[in-house]
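As given in Swiss-Prot:
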type: DOMAIN; residues: 7-269; note: domain 'Deacetylase sirtuin-type'
type: BINDING; residues: 35-55, 118-121, 210-212, 235-237, 255; note: NAD(+) binding site
type: ACT_SITE; residues: 138; note: active site, proton acceptor
type: BINDING; residues: 146, 149, 170, 173; note: Zn(2+) binding site
């Protein structure tokens, strides 16, 4: 439960405390736990805002209820609303924020135990957080599979369908393909449960950023860390049970602003900016290539379209080995 007794939080003082713990080497294994609040600065709308939220923008589909877009039984009947949403959330349209790159910087400095994210936008990956350091608790667009035969689908094929606002179908059984995003009633990825106990036991700081901690079991993560672990919340408002432990640190405000202030105290500002500049240049080149690919695929589709085909593209040509893929998985 969120504490209603929090009257005043001295965020500046608390930022200095966090910076001191890191600079003095008292914190060496940081578990970062993030939510939608770190991606709104990238332009990705949240789900429930009255005027601009994703659910509000899906009203034109006359959904029986807003969350039906993530309901598997409804998806089987009408997958189009989900793929309209998927089109809006395609990573090509967005760039990682300062907070995403801060997480990458923690990894580069060997301070990141793991990043647990509720977000499905893959911006952590685009910022360069490697797969081995990332737990996408609610899944992502990184992988897709058929909901009937469970055959994995080619990422490029699914991406091309989404870009053209088409519903991808399985090449083997013609069943519906769904990105491996956790829908209502589905369990979280096994990887979440396999790592959460170990990570929460060994981490010496639980850094929670941009989440109201309302969705379980993700919301349990900061609650199960041992009392000796320093818990830090960076969010616009109090969340979860923060404030119940004597050592809890709450830094209230905009995520990016507070993260940049923390980097300044740590002396990391130049490194963060350099990391962003380098990454933005690379991403721009990659997304430019993907835009060309999408046009080629669309033209090929129009030329080869078969009236009996259930797919928007009759064939996705084999990619050259040196072609850049947007959703990169670090296998090192």
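Including glycine, each Cβ sits where the backbone N, Cα and C put it.
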Tell me the coarse DSSP state (helix, strand, coil) of residue 35 (NAD(+) binding site).
coil
Looking only at the domain 'Deacetylase sirtuin-type' (7-269), report the model's average pLDDT.
91
Rank the binding-site residues 39, 235 by the number of other Cβ atoms within 10 Å of each Cβ, and give the residue at the low end.
235
Nearest of the recorded positions (39, 138, 235) to residue 146 (Zn(2+) binding site) - Cα to Cα:
138
Residue 146 (Zn(2+) binding site) - helix vs strand vs coil (DSSP):
strand
When DSSP states are folded down to helix, strand and coil, where does residue 173 (Zn(2+) binding site) land?
coil
Just checking, which of 35, 43 (binding-site residues) has the fewest C-beta atoms within 10 Å of its C-beta?
43
Measuring Cα to Cα, tell me the gap between residue 121 (NAD(+) binding site) and residue 170 (Zn(2+) binding site) in whole angstrom.
23
Once the chains shown are all counted, how many other Cβ atoms turn up within 10 Å of the Cβ of residue 173 (Zn(2+) binding site)?
12
